[in-house]
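Annotated features, as they stand in TrEMBL:
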type	residues	note
DOMAIN	6-226	domain 'tRNA methyltransferase TRMD/TRM10-type'
BINDING	114, 134, 135, 136, 137, 138, 139	S-adenosyl-L-methionine binding site
Ligand SMILES: C[S@@+](CC[C@H](N)C(=O)[O-])C[C@H]1O[C@@H](n2cnc3c(N)ncnc32)[C@H](O)[C@@H]1O
């Protein structure tokens, strides 16, 4: 059975969208993964096919109803009960590469996309949905976030990336951001490729790349650096050296 993603959405026509192109699209056509976009509105029971209602306690906007969402989640899980179910929300745990790796190693995922003000909390709790955020900003709907999540997972599935695109050295794989890349020409607009990369000396190149990855991580993401070197801040503070030196 290939990796199976079910997306619950009010806009199923948005899928596969970008996921139908490039690496993910090729993998989809090769059946390395399967995608179904399920219309939440198909689970509405009244004659107006309503999926939302006004927020209890007042306030702007609308909230997705728990009964309709619950029926949609239930139908998706019936088609693949071994899959974790997640809901995309700015309130969720920030998505990172370890979560992506864990999801990619499983049977697939059920992804619930919110719209309007969000989803009734009771169905999130009743279905034990894992709440995931793709960043500290607010989108108008969960669909672009679902595409981000699925794209990140699909590229890790067996056979999707060629050896040339290996995930081994890329950002976050060892807790570091990746080193910078260069290609020909060796000099462009007065800017030269770092000479070591043209030296043919593999050990030197590996050392340079490692040092650059460390420098960039230290400068740009002190949070990642501190996770790799939990005692560095303390040691720096005690002997007066800068924490990340
Ligand atoms: C307009 S937003 C709702 C925002 C919500 N009222 C709040 O302030 O947290 C509508 C939907 O977009 C999705 N969404 C918005 N921002 C997101 C983010 N940063 N990560 C994941 N999903 C997001 C969620 O599914 C959400 O239910």
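Using the three backbone atoms N, Cα and C, a Cβ is placed for every residue, glycine included.
Location within the structure of each feature annotated in TrEMBL.
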{"residue": "114", "record": "S-adenosyl-L-methionine binding site", "contacts (Cβ under 8 Å, 6+ apart)": "64, 87, 88, 89, 141, 142"}
{"residue": "134", "record": "S-adenosyl-L-methionine binding site", "contacts (Cβ under 8 Å, 6+ apart)": "88, 94, 95, 145, 148, 149"}
{"residue": "135", "record": "S-adenosyl-L-methionine binding site", "contacts (Cβ under 8 Å, 6+ apart)": "94, 95"}
{"residue": "136", "record": "S-adenosyl-L-methionine binding site", "contacts (Cβ under 8 Å, 6+ apart)": "90, 94"}
{"residue": "137", "record": "S-adenosyl-L-methionine binding site", "contacts (Cβ under 8 Å, 6+ apart)": "90"}
{"residue": "138", "record": "S-adenosyl-L-methionine binding site", "contacts (Cβ under 8 Å, 6+ apart)": "90"}
{"residue": "139", "record": "S-adenosyl-L-methionine binding site", "contacts (Cβ under 8 Å, 6+ apart)": "90, 145"}
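DSSP assigns residue 139 (S-adenosyl-L-methionine binding site) to coil in the three-state reduction, placing it in neither a helix nor a strand. A coil conformation is recorded for residue 134 (S-adenosyl-L-methionine binding site) in the three-state DSSP classification, outside any helix or strand.
Across 114, 134, 135, 136, 137, 138, 139, which the record gives as binding S-adenosyl-L-methionine, the greatest C-alpha separation is 16 Å. In the predicted model, the domain 'tRNA methyltransferase TRMD/TRM10-type' (6-226) shows an average pLDDT of 96.
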